[in-house]
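Straight from Swiss-Prot, the features:
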ACT_SITE  S691  active site
ACT_SITE  K734  active site
BINDING   G368, P369, P370, G371, V372, G373, K374, T375  ATP binding site
DOMAIN    18-216  domain 'Lon N-terminal'
DOMAIN    604-785  domain 'Lon proteolytic'
REGION    789-817  region 'Disordered'
Amino acid sequence: MFFGRDDKKEAQKRGLTVPLLPLRDIIVFPHMVVPLFVGREKSIAALKDAMAHKGPDDKAVILLAAQKKAKTNDPTPDDIFHFGTLGHVIQLLPLPDGTVKVLVEGVRRAKVKKFHPNDAFFMVEVEEVEEQTEKTVELEALVRSVHSVFEAFVKLNKRIPPEMLMQVASIDDPARLADTIVAHLSLKLNDKQALLETESPAKRLEKLYELMQGEIEILQVEKKIRTRVKKQMEKTQKEYYLNEQMQAIQKELGERDEFKNEIQEIEEKLKNKRMSKEATLKVKKELKKLRMMSPMSAEATVVRNYIDWIISLPWYDETQDRLDVTEAETVLNEDHYGLKKPKERILEYLAVQQLVKKLKGPVLCFVGPPGVGKTSLARSIARATGRKFVRLSLGGVRDEAEIRGHRRTYIGAMPGKLIQSLKKAGSNNPVFLLDEIDKMSTDFRGDPSAALLEVLDPEQNHTFNDHYLDLDYDLSKVMFICTANTMHNIPGPLQDRMEVIRIAGYTEPEKLSIARRYLIPKEQEANGLSDLKVDISDPALRTIIHRYTRESGVRSLEREIGGVFRKIARDVLKNGKRDIDVDRKMAMKFLGTPRYRYGMAEAEDQVGIVTGLAWTELGGEILTTEATIMPGKGKLIITGKLGEVMQESAQAAMSYVRSRAERFGIDRKVFENYDIHVHLPEGAIPKDGPSAGVTICTALVSALTRVLIRRDVAMTGEITLRGRVLPIGGLKEKTLAAHRAGIKTVLIPKANKKDLKDIPLKIRKQLRIVPVEFVDDVLREALVLEKPEEFGRKPTTDGGKLGGTTELPASPAVAPA
């Protein structure tokens, strides 16, 4: 019997009339015991009525239903959910303030069928909801799943006691399991009401399963957040604790005082240092930040380094120029022999500086082969002008940051090499040597040559901005001197900012003078022979120059002289100290087998072999060109690792020769029945340029006419299809190379006649230099002809024809052997 009735089903049909207790923010489920505090008069009256009309089992029955809105103080039937829980009033305790504390137990779900009129409290007729008790395999699986999820939920939710897990594990009834679990979940009121109104235990468990899964996900995120926050708090607390300890230790050791002293020292330096206004403000700002930092923090170290760099730079510190032009000239001549042009330019600068007082530093570029004294001349210029000297090697530099520095945001950032060098010099007007400017390259880190555009521009470099300093620095007083072996690798805009001064190779008399004045005393001292009298004769020096070196400069000559002195040093230790005279034979004995042959490029006059002249970054060179013919189908073969321009020159020369075949006495059938091969020896070395045009043309004419070429003639020049000889570059270097090789006659383009003044007078007197305007002029000078004046002037059929053999035919055009 339920609530004292004889038949439960009959009671459900008839309905049950009970008082209703509206609840705020709480829903009571069956099997749930809840304490409630009741203060509203209607609610207290409902409880008193339930206690006054107990059933036969002596239990007070009341319907526990939730309000839709908790804020409603005087709810109407529409403000209350019409689905609640029938419960027993276990205990009722009036309180002194007029409220009532009541303990209720939920028993069964019930629906409100009807509200009875009653002003004192709500009296309702309810219909009990029967729980489904049939068990299935699916329901059993659902029960187990809910048990498992609830276990995971309890482990994450610290608000539910672990004992609750054991209590729930003992419940097998699906309906009771769902009601027991939901009572301990922190769900929204509407979610709990929905579960209360779900009559099917299976659906209730499914819904509960979904809700718990969602709660578990939220709890897992909360756990991660709590763990992260806890770790952060522990770290912060640890750092705080350690910092406090550190400060205490520093206080004991006096380090904090040392940090304060360091800041005071920086402030003192700032007062005494002349800097730009921008730099002064920047240092003050950084100093303010430094005071707020811990002395041991990484950021404090970065700020300290930055301030040190700014203060240590020579913003207005400069050396006074030695403006005495005569004294400066004496210093330059003491250090270097020759080099007239660069010396004149420096003396001109000093003269103008003496008159104008304020003059921007020049930007010079010394271009010449290795060993001619470009770098040492820059050092000598610094000595002559009384300035500090700094050198920056640009060979292999491919990172823009090497010039402009790294931004301070990077770890280990530093200023660029320019600023570092100026700090090292301690002066804002040094002689700054940018060595090997043609050896820079470019990659993904930027183009250093583009960064130098601002540095070497007198109109811009007074506001040079280094990335690290982020301040404008004045470079306009610096005398920049660049060095390069060739101009080809220097970008055009950068060339435009420099005053190029070409330094050609040394002549033999100049090398002799340099050896006597500088190299011999230097090597004698370097090898510990200063107290001995060692005399190296001129023939010995000439032998070293001719047979052991072949260069434009004197670097190899210095090495060979050093080798002679090392042999002498060994001989002195072995045989005792004595004065030594080194003659030609002794020099050759000391240095071993000669490396080079001096004299004519060729031992005798030959067919198809011409001595040409080339200009490389190492200076002037002798370039032999060979041509020969063989039976074939008229192909032109070109070998010797030639560049595209030189190959085109060979093709142009061939076209010119074919166009004048009759005048040269060449049978046209030769071009159909013979292949022509042009080769430039030393095939491993790349060669390019148009200036070998006349050389190739002469070799072709000689090979096709079987006329010998004079071995004492060298030539250079570009040719056109009309036979004109065009001007070339590097005439001085090429002429010096011819002189070194013992050549007697040099053929040059007539348009280069104006450049002869650059060639030393002694060399011009020792050479026969012939300006030529047409290829015919070249051939008349180079070929061994009986009547040179008539060659090529009119068609001829005499001699020179080939009849299927490459042997030299007897011909009136060929000089007798």
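Placement of Cβ uses the backbone N, Cα and C atoms for every residue, glycine included.
The structure displayed is predicted, hence computed values, not measured ones.
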C-beta crowding around G368 (ATP binding site), within 10 angstroms: 25
Cβ packing number for P369 (ATP binding site), 10 Å threshold: 24
Rounded mean pLDDT for the residues that make up the domain 'Lon N-terminal' (18-216): 85
ATP site shell beyond G368, P369, P370, G371, V372, G373, K374, T375, criterion: Cβ within 8 Å of Cβ centroid: F366, T483, N485, I503, S552, G553, R555
Candidate with the highest Cβ count within 10 Å, taken from the binding-site residues G371, G373: G373
Using Cα positions only, nearest of the binding-site residues to K734 (active site) (G368, P370, G373, K374, T375): G368
Cβ packing number for T375 (ATP binding site), 10 Å threshold: 17
For the recorded positions K374, K734, the one whose C-beta sees the most other C-beta atoms within 10 angstroms: K734
